[in-house]
Every structure is written in structure tokens, then in C-alpha cells.
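Here is the structure we will look at, set down as C-alpha cells.
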Amino acid sequence: MAAATTITITGAGGQIGYALLYRIAAGDMLGADRSVRLRLLEIPQGMRAAEGAALELQDCAFPLLDDVEVTDDADVAFDGANIALLVGARPRGPGMERADLLAANAGIFGPQGAAIARGAASDIRVVAVGNPANTNALIAAASATGVPADRFSALTRLDHNRAIGQLAARLGARPDAVRNVAIWGNHSATQFPDISHATVDGIPLIDALSGTLGGEAAAHAWLDDEFIPRVAKRGAEIIDVRGSSSVASAANAAIEHVRDEQLGTAGGWTSAAVVSHGEYGVPEGLVCSFPVVSDGSGYRIVDDLPLDARARERFGASVAELVAERDAVRNLGLL
Ligand code: NAI
């Protein structure tokens, strides 16, 4: 077996952390032939919860788990890290303005980016899960002097999976029969879940939907009035029904994001927020969700898809929101 992979998880004492750790240690993320070393980073208030999770990891006696360390020191946590999942973030408190939220998170993701630059392994890859995920990834990348920006990404795989889940349910299809859905833009309610290139069992998805709903006009109405808003606002729906935010599905998406980035997307594409090099006119440097593929050496944007006027308008609105977030952070002198 190859040398163990060192994986740093921030916010490991929180809800998503608790749903992530055991699946990673069981081999769900990197496969059954790669042992792992876990570094759990918390703030002092979260240390006991993370320490408790580490005790339970020991009690699982996972054969692939080499070692677990719990710390509140970012330099210890990122030392030698090959993979980092940045989950811990500052939630929006009562009366908190957007600028306050961005500033509070810049105060977390900036120093973590700097600690990654100081100590992580040369092959480090980082995914921001904590919200606002795209801009948090941007801040971490900007603070990680010397680390290529394309090592940083943000999670929109949950949105991608939510879209597939809705489509599969509407069509009575298996989720794995639905291919080439795309999430464009920000991980927020402005995102654009797009089915224009998608297929189900090899058939254009719009044709299957038209067949199920009784015509193309009805299919477009369902997409605009139900599908897109439901996917974009699914997080709020989960909170409303469950009384708490998405946890298991978020952890599952984070595992799939890292797995596909590290092991490759076998056929088709997935969605991830990655650094733009100007693809589709998105300003260079923004961390924006695109359809992506990986051959195991990191995500690459699928950059030759035709987008109609309606898609460009929706995507453009979400990119405008990302630009506004970046500018707000810049205006605070944090970027
Ligand atoms: P949680 O509140 O249960 O856990 C967050 C943990 O992070 C806490 O234990 C806290 O002590 C810790 N933390 C805070 N600041 C930290 C720092 N500077 N360093 C290390 N740890 C720190 O929250 P939960 O449910 O685990 O969610 C985590 C984040 O993931 C939230 O920002 C949430 O909005 C986001 N999220 C993102 C999704 C996505 O698709 N991108 C989906 C669902 C949630």
C-alpha cells in the first residue's frame, strides 16, 4: 500500500465533520487501497467535540486509518497535508450584514490559506465547503502564496446532486441514468442548474421531460418554475423540514468532489467551483461553478458548450453576485 494520505478537516467537531470523518476513514473517498492520516482542526470551543469524534474513530478500528490528530493550531493541522476540506466557517448571526459575514470568514480562510502555503505538501488540493464557499476559496487561494490557485475549489457538488435527484424523481429514472447536468455560478440561490446538455439513458433530457410532462412548453415551465428554484433553494427547504441544515448530503457531496478530483471522473462531467481563466467570459480568478472533468490530476473546465441567451442571462446574474462578493472583500482590504 502507498504511503498514507494526510487529510485536514477544519470544523471537524461540527455536524458535517461528524458525517465526513467516518466515511473518509472507511475508504469512501480515496478507495480501499489508500490509508489515511486525519488532522482535525477546530477552534477552542469545538475541541471537545472533535476529540470525542476522534475517540469514536478509534472505536471503529478502521484498517485504513493510520493516525488522527486533533488541534486548534492551523500550522499543526496543515503540516504535510495532501488534501484539505475547509468546513469550519462563521455562520450568519442575527443582524449580521453581508459585509460582516464576508469579513468574518476572510478572517478564517485567509489565515488558513497562509498556513497551507507554509506547511502543506506540494500536491495539496483544497476544497472550501464552509459558506460563502466560493469567496472563501478565493480568499484562501489568494492568501496561499506560492500555491497554484487552481489547487483551490469550492463545493457545488451538492447542488449538482440535488439537481440529479429532482430530475430522476420527476422522470422515474435511476440517478445514475441522468448525465451531464451542470451547475453554473455561485453556491447560492442565484446558481443556475442547467439541463440543456443533459441526457437520461442516453436520450436528451429535455425530450424525456417533454414526453413525461406532455410537451416541450410544459417541460420548460416545469424547469423554470419548479426545478431551478427548488434546486437553488433546497438548503432552505431542508432546514424547514428537518429543522437543521443539510449535513449527510453535504458530507456525501464533499466526499464525491474530492474522490472525482483525485481519482477522475469516469465519462461525463460533474460540477465544481474552480478558478476561472476567463472561460465563458467569467472574470479571471473568480471561483465559479462550471461543468468539470478530471483525469485524476485536478478539475478542468468543460469550456466548449453552447449556452443560449436564457442560460447566459441566468449564469451572468450569478457571476455578478460573485463579482460583488469579491469586490466587497477587496473593499474591506482583505484581498
Ligand atoms: P457546524 O456549526 O455544525 O460546524 C462548524 C464547525 O466549524 C464548528 O464545530 C466550529 O467550532 C468550527 N469552526 C468555526 N470556525 C473555525 C475555524 N476558524 N477553524 C476551525 N474550525 C472552525 O456547521 P456544519 O453544519 O458542519 O456546516 C459547516 C459549513 O458548511 C457551514 O458554513 C455551512 O453553511 C456549510 N455548508 C456548505 C454546503 C455546500 O454545499 N457548500 C452545504 C451545507 C453546509
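Note: Cβ is positioned from N, Cα and C throughout, glycine not excepted.
Unlike curated records, TrEMBL annotations are generated automatically.
TrEMBL lists Arg92, Arg98, Arg162 as substrate-binding residues, and of the candidates Asn131, Asn331 the one it assigns to that same site is Asn131. Cross-referencing Gln112, Gln166 against the NAD(+) binding annotation in TrEMBL, which names Gly11, Ala12, Gly13, Gly14, Gln15, Ile16, Gly17, Asn105, Val129, Gly130, Asn131, picks out Gln112. Comment: substrate site residues Arg92, Arg98, Asn131, Arg162; largest CA to CA distance 26 Å, whole number.
On a Cα basis, His187 (active site, proton acceptor) lies 12 Å away from Arg162 (substrate binding site).
Here the CA atom of His187 (active site, proton acceptor) lies 11 Å from the CA atom of Gly130 (NAD(+) binding site). Shown for the domain 'Lactate/malate dehydrogenase N-terminal' (7-145): DSSP residue counts in helix, strand and coil, namely 66 helix, 25 strand, 48 coil. For the recorded site, His187 (active site, proton acceptor), the DSSP three-state label reads coil.
Highlighted here would be the binding-site residues (Arg92, Arg98, Gln112, Arg162) whose C-beta falls below 6 Å from ligand 1, but none qualifies.
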